[in-house]
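As given in TrEMBL:
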COMPBIAS  313-326  compositional bias 'Low complexity'
COMPBIAS  327-339  compositional bias 'Pro residues'
COMPBIAS  372-392  compositional bias 'Basic residues'
DOMAIN    86-142  domain 'Potassium channel'
DOMAIN    180-258  domain 'Potassium channel'
REGION    282-401  region 'Disordered'
SIGNAL    1-20  signal peptide
TRANSMEM  90-111  transmembrane segment
TRANSMEM  118-138  transmembrane segment
TRANSMEM  169-191  transmembrane segment
TRANSMEM  203-223  transmembrane segment
TRANSMEM  235-257  transmembrane segment
Amino acid sequence: MRSTTLLALLALVLLYLVSGALVFQALEQPHEQQAQRELGEVREKFLRAHPCVSDQDLGLFIKEVADALGGGADPDTNSTSNSNHSAWDLGSAFFFSGTIITTIGYGNAALRTDAGRLFCIFYALVGIPLFGILLAGVGDRLGSSLRRGIGHIEAIFLKWHVPPELVRVLSAVLFLLIGCLLFVLTPTFVFCYVEGWSKLEAIYFVVVTLTTVGFGDYVAGASPNQNNAAYQPLVWFWILLGLAYFASVLTTIGNWLRVVSRRTRAEMGGLTAQAASWTGTVTARVTQRVGPTAPPPMEKERPFLPPPPCPAQPAGGPQSPALPAKAEPPSPPSPPTPPTASALDYPSENLAFIDESSDTQSERGCALPRAPRGRRRPPNPPRKPVRPRGPGRPREKGVPV
């Protein structure tokens, strides 16, 4: 990637971040200030109702409650009502391990011991690459299965004589719709029914989870009322399939972009070659139409040399008869005669010659030499007489032995 492109992309991302920060600040800051005012009012009301409690003691109590909530405690749970509930039972611990290797990290449950934090470091270093390999394999299989099913639908469309370009568009739309139906819409309604969330809260959780953002404000199975131990492991398997689907979608988009880029480069190369051929063809035709009155500049730069003289006769030998006319040095050939008819001589004639190469023109009798950008090659110089190989002098024509 070029430096200018990289800087432009960095500027675009920074602009996107600043715009998002302004929008979130405008939306969330008033709500935060309102919640803070309500908390202050509740605190003053509690202190007026309980004058024996000091302000400092109440502040320490609120801080301890906040720490307990951050550690996974639930204020609705106490030792008498629901003593069997734990945020670290086998199902919840399995789900927490899954959020580590998937890099989601909801944050609703956090490690509080030094031993747990140390184990989490090595567990993540090994588990994240392992899950990446699994995700690639599952995404490949899932994408192949979906494409195989869509291939049958494409065959049906082709039997109905639908244009292939439209079939490709329809197959891509079907691939996206089927994936969204299986991994976005269906889980949304399931979470609405099981968790008691609204549709907006459920789809918010689905999108935040499958994009691995994982804020932790909504977590499936985190409610104390959820007693099914297999619920959160099932949610993790849905996360695996959903991430694999999105990975296959991103892979498909990347492959499509590479194909489009390759085709674009090939088309641009073809257009460049066609433009160069057109320029050379037009220049050669204009040069031929000028005629011999304007000699080409290359003839002045590279004058023709006469052929080497004939080898001298041995002393005392018989005089050789007059050589035939072919032995005389040939005179420099005259420039080629321009064609009798040219496509440029008639303004209303078809301009199909623009797309033809000089080879096609030469087959039709209009020999057009290829030259770089407005220059014309000089005629071929005369060939030197061929001398036989081997020892001894060459024997000239008409010289008696």
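Every residue, even glycine, has its Cβ placed from backbone N, Cα and C.
Note that TrEMBL annotation is computational and uncurated.
The stretch in closest packing with the transmembrane segment (90-111), judged by the count of Cβ pairs under 8 Å and taken from 118-138, 169-191, 203-223, 235-257, is 203-223. Outside the transmembrane segment (169-191), and at least 6 residues removed from its termini, the chain residues within Cβ reach (under 8 Å) are 146-147, 149-151, 153-154, 157, 162, 197, 199, 202-203, 205-207, 210, 220, 238, 241-242, 245, 249, 252. Mapped onto DSSP classes, the domain 'Potassium channel' (180-258) shows 56 helix, 0 strand, 23 coil. Note on the domain 'Potassium channel' (86-142): DSSP counts are 41 helix, 0 strand, 16 coil.
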